[in-house]
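Asks: Would you mind keeping the following structure in view while I ask a few things?
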């Protein structure tokens, strides 16, 4: 067996087809594609609107066990499954999120899949791409500037300077901006207050863009953003500042899905990328809905593990966008399951069936959870070369005991040829039509009860605690008419509990809700458990130090 | 005579040609164009490099009298002259600057020409365009993050926290960010210090991008940026932080010129847009040089009036890029000259030949100044419907007395048909080959002497003053090896003097140099006279409040 070249080597060797040919495969005429270079395009709003009457294809969610440093390969499997479905003769589109630019200069590499299951052009996708995130940054910061400008010119809306909740954003890992005081400098600059920056993917506008159904809905949601409160605690909205129209103008191109291709020249929509903690962590509704009109199968992914990502995909995105998934794939790796069974990272390459079996409880818990949403489940074992036959067999046996099939997938090394079995199984489940999707909780449950329901039934907490002030805040949201919204719980992605070190399948733990925030434009209430950073920092030796253009003008060091 | 529709109505009614057809007119093959939509494209670096051996066309500078609230129409005339040259059978390319996004939401409209002399698509050009400014913002702020990150992890380079000169930027009018203190929040966020934000067009990286000759030169210039100083006053460079490579990666697409078209389907390069006060205020060297290889005539503009814009175009851009302009066009209007002659704005529509004659001293001074650079001059009288025949005749007579032709131009109302006379005259001057371009001062003059020379010979100051600390700073720049650099004087654009209310042709005034800054990457020393804002604010009722998408998805209120 020959060594697989690096992701970037594979991506550069890709024989890309012109993007108009990729569009043509989906029946999109050239004039309905807005090209960005020869290998990226946005789909025009007119074309999208014209698809309304067409029937929907089947929606497949790819999710995963809790992430570990061993790596699971969720995006890689999403891309691989899309290629696999195309290989077996189905017309499939992949829908994934856009990566954030800032973190590429820190520690992480790109987020466009890996091995022989990638979307390309990966360098562009990981850097400026089609400018969507820059547009979100601009729209967010326009609103911020209008808030301070309003105060500067007399504060007619009577905003309480201590209660301004709208911060600024930047698509950069810049911890120095987390907490600042400004404007300083006296009369000509404004009124000093405490504020700060989040990373762009944490902007409520990112979540709004990903949940809005069209430009009109986008503008309405932008107007509904709460920028802060008056002394009497009544909210001030973006529409009160008349900022909604200009923000929508800045976002009009960003709202259109981006079409690219996989290494195997199959179509992929890469669009939107909200955080999966303080937001819902899925690609845009517009992309998913458009893909469903154009394909028999749409394969999409949700952020982090299934406890966070899949739950939000179901309870926020599917609920609000009226989507009904046909099947869910849980990605697991032998290595990650062994970590869940207590094996340390340096020892992961040694066979350890016993630890693996112990770690399978994490997988089992996620299977059980997904079934609560009425969606049939299949497990994808994303193959690593160190996996032994006995280990793979143990995972299969574990899943089988739960009535679920676990299928070994070699898409990373072999592309679509390595994932045919999974593709056939997924297609069969979807065509059997056994899914009976329903969200976990009803809209009319109280906000705290919704949090409790997710914590108890998905995280398996014994108790949910909250200070009196937090409960009062939730009641006040309800009084203001936001009680019907779904909840979006920000929790560590590494454990079912709020303790990132508690791997496996803990239960009976306490989930403390430290803070709640209203994302009135996006349409959910965020409940924060534990410490959630919305502006990352750079490491001691950031990868930016090694990123440069080589003599041929290619990017080096990014991946 | 029918009324001319609004700029945006004209722009929307434009019959644009596909951008590949515009490229084909210049001999650029489709594969060397990187499309952004169907009406914008970047030109590939390989194609640009391949043009090296070709002869250069003739370079025409469009500059203006000092700006007044009456408006001069410099970009409009640049676009009109390009169309006019094409009309009379010359192959001409227009090279103008990209507008900044932030100010569009304040008071000003777009910056893509006006009437029947515009570049299109004007909405895109005025908003995100091809993402160049967003890339500059990202590259700038990556360096900022790396500065604070370096300090956070131990400050091995020993940067003095009080002497960090590199701030952050945002393409937004946000006065609240001018002066801030951060990072706050303790150990995990870093060491608090005073800092702030400039608007993106004021970034040194904008100037660097516009002066760099290719990607290699770009990276070298980025590395030469000084981010701050140690306690012993020795500089710390961006290359010391190993930030230059990653910044160049972020800027690799932004370095490529953007091709669009005029309303008459003639090619235009819209690329780069540095401030004309703390930077040199011209479009990119790469765009101008590439255009010269592809056309018989390249018509370009410089920022503000000729005292600032043309002087910097000659002394910084032409000197450094080895450009040799064949002619200069000074744009003047009857209205603006009347303001220079003391007429108040409400009275501008009444004929006033006497005031006009008095105001012509401003034009005369600029004519004299331009001639000092060895470049032949012609005056373009940009016609307004309120101009009377007697007034136009007076301007012509005034110019004629100085041996210069002043030509009435009606391109705003009539497109290229209205500017044929100017086009023919410019072509004749260029073909006569009388230009003997030379910069105003030699490289080896001391920095202060360079400032004095510009102030005395162009601004006609009687004296240049500077505090001892400023003089010491200049000497220290010289000791560090920067004495050969040109100077870039930041002065009010409204007057030859540093007092914006002093119109006409003042002389004998005092120019106080308040501060000097070294732009080591861009390659000039900035001398600040008077108060220069590098971060604008929004007005009481910003135009953002009126900008929105209409029912057809078109932008309203932007212009």
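Going from the start of the chain as shown, residues are counted 1 onward.
Yeah, the Cβs are placed from backbone N, Cα and C, and that goes for glycine too.
So TrEMBL has the following annotated:
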| type | residues | note |
| --- | --- | --- |
| BINDING | A:68, A:69, A:70, A:71, A:72, A:73, A:74, A:75 | ATP binding site |
Asks: When DSSP is mapped onto helix/strand/coil, what comes out for residue A:75 (ATP binding site)?
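Replies: SS state of residue A:75 (ATP binding site) = helix.
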Asks: Tell me which residues of the chain lie with their Cβ under 8 angstroms from that of residue A:70 (ATP binding site), as long as they are six or more apart in sequence?
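Replies: Residue A:70 (ATP binding site) has long-range Cβ partners A:333, A:335, A:336, A:338, A:339, A:345, A:348.
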Asks: What number of additional C-beta atoms lies within 10 angstroms of the C-beta atom of residue A:69 (ATP binding site)?
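Replies: Residue A:69 (ATP binding site) is surrounded by 10 other Cβ atoms within 10 Å.
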Asks: Among the binding-site residues A:68, A:75, point out the residue whose Cβ has the most other Cβ atoms within 10 Å, with all shown protein chains included in the count.
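Replies: Max Cβ neighbours within 10 Å, all protein chains included: A:75.
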Asks: Taking A:71, A:73 as the binding-site residues to compare, which has the smallest set of other Cβ atoms within 10 Å?
Replies: A:71
Asks: Out of A:72, A:74, which has the highest number of nearby Cβ atoms, where nearby means within 10 Å of its Cβ, if these are the binding-site residues?
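Replies: Answer returned by the neighbour count: A:74.
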Asks: Name the secondary structure element type, per DSSP in three states, that contains residue A:70 (ATP binding site).
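Replies: Where residue A:70 (ATP binding site) sits, the three-state DSSP reduction gives coil.
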